[in-house]
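Quick notes on the structure that follows.
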């Protein structure tokens, strides 16, 4: 591989903020459309100890000759007290602890204090417990507040009786020192009063913005680092650097959002606010790089393909792992994680990332595929076989050879590039060697599952139409079955009624026949009896005196 001048390498490292990668073959991967968009360091963090910051909300003015009456300061004091009164009352309600010496009743007092929270999450209850604990150390806090009340220094470290270091921050005093103190003896009191009033009004606006959510319940809503930045003003970097005792970039830590603050108590007498800042413990993994990869489509025999690589990998000790960083905090130059999320990658992908391009796996792309270009480090990477690449300055059309996977366009080739309807201003020079001995014609194209959006949509539409037809047929047959079932039920009922009718009629006929037979027998007997009575000699003659013929 072509070696770069040491000065160029130094400038490149300073520009990106990271060291060049060895395990991953970045130059070779450019041939197949894999671009390293960002390289970050890997940081681990865990919950650390808490630091306390005392914010002095009222500035100290230098002594005057007695002729100046700064009315704006009194108005600011009244307005600030009105603003903080809901916070003070809420904190007092939550931190109320029963005055007793027994352990059981002390615990019950904390429970009573927490009962003011209502329905709260575990994190909110933890925050409230922190306020209760801070209230138990109220004497030390008051001593700390008193010790910084008379100072004009914007940042001063004070050690209380328990040797707990806290930082006294006077954000507004920092502004007063810069704008007021140096000229208060040489200008009129009215002008300074107006200037002080404008500064105080601006700070009140910022305070209202910061504590907008905390007015309802400050213990349950932590202050973000953005709110702390507004609250502490220009003193925040000094506070953070004094607390962390680390070489990490302060802006990087602030952008992570891992530093949070919580209001612990407010002193109405001194207008001072005690804020607990939760500072995690950070550890950097030496030699580890988290690399973001962008895979754009490449050209293979006039067919559009895309290589199968992870979106983010971890390079450590000359090894490569998949590193999604789903549970991590990603900043411009670092990845903050609680644990290592690395996982093994297939051997073919490993060899591909190491520069063995014949081991790379490609998937054909059919239809529209939006990832045809990428803009990284001031250089444009594009598949100009599937995309119209036009240079506006100097005007020409960028052509791409059939054996090349992508085109790399830097400021030497074009300063303003047009990709279809997109316009890009190219600002950097491509300072790596573009390997041209690999031909996409010999690439290992594996037809995994082609990403054919148009065909897939058509297939889905056909499936939906077929499903609708089947549903219509199903409804028709269901209606038919429902009608047939009704007819069958009616026929069965009619048949049963007919059978019952026939049985009843048969029984009636049998009964009538039996009744008629009995009537005939009765009539025959009655006629015989009547004849005997009328002709007794006949029966006596024929039956020898037995009128019934009985011997």
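Cβ coordinates come from backbone N, Cα and C, glycine included.
Annotated features in Swiss-Prot:
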COILED    132-160  coiled coil
COILED    456-481  coiled coil
CARBOHYD  65  N-linked glycosylation site
CARBOHYD  69  N-linked glycosylation site
CARBOHYD  77  N-linked glycosylation site
CARBOHYD  90  N-linked glycosylation site
CARBOHYD  431  N-linked glycosylation site
CARBOHYD  461  N-linked glycosylation site
SIGNAL    1-23  signal peptide
TOPO_DOM  24-492  topological domain 'Extracellular'
TOPO_DOM  514-551  topological domain 'Cytoplasmic'
TRANSMEM  493-513  transmembrane segment
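Around residue 77 (N-linked glycosylation site), a 10 Å sphere centred on its CB holds 14 further CB atoms from the protein chains shown.
The Cβ neighbour count for residue 90 (N-linked glycosylation site), using a 10 Å radius over every protein chain in view, is 21. Mean pLDDT for the coiled coil (456-481) in the predicted structure: 63. Put simply, residue 90 (N-linked glycosylation site) is 20 Å from residue 77 (N-linked glycosylation site) when counted between their Cα atoms.
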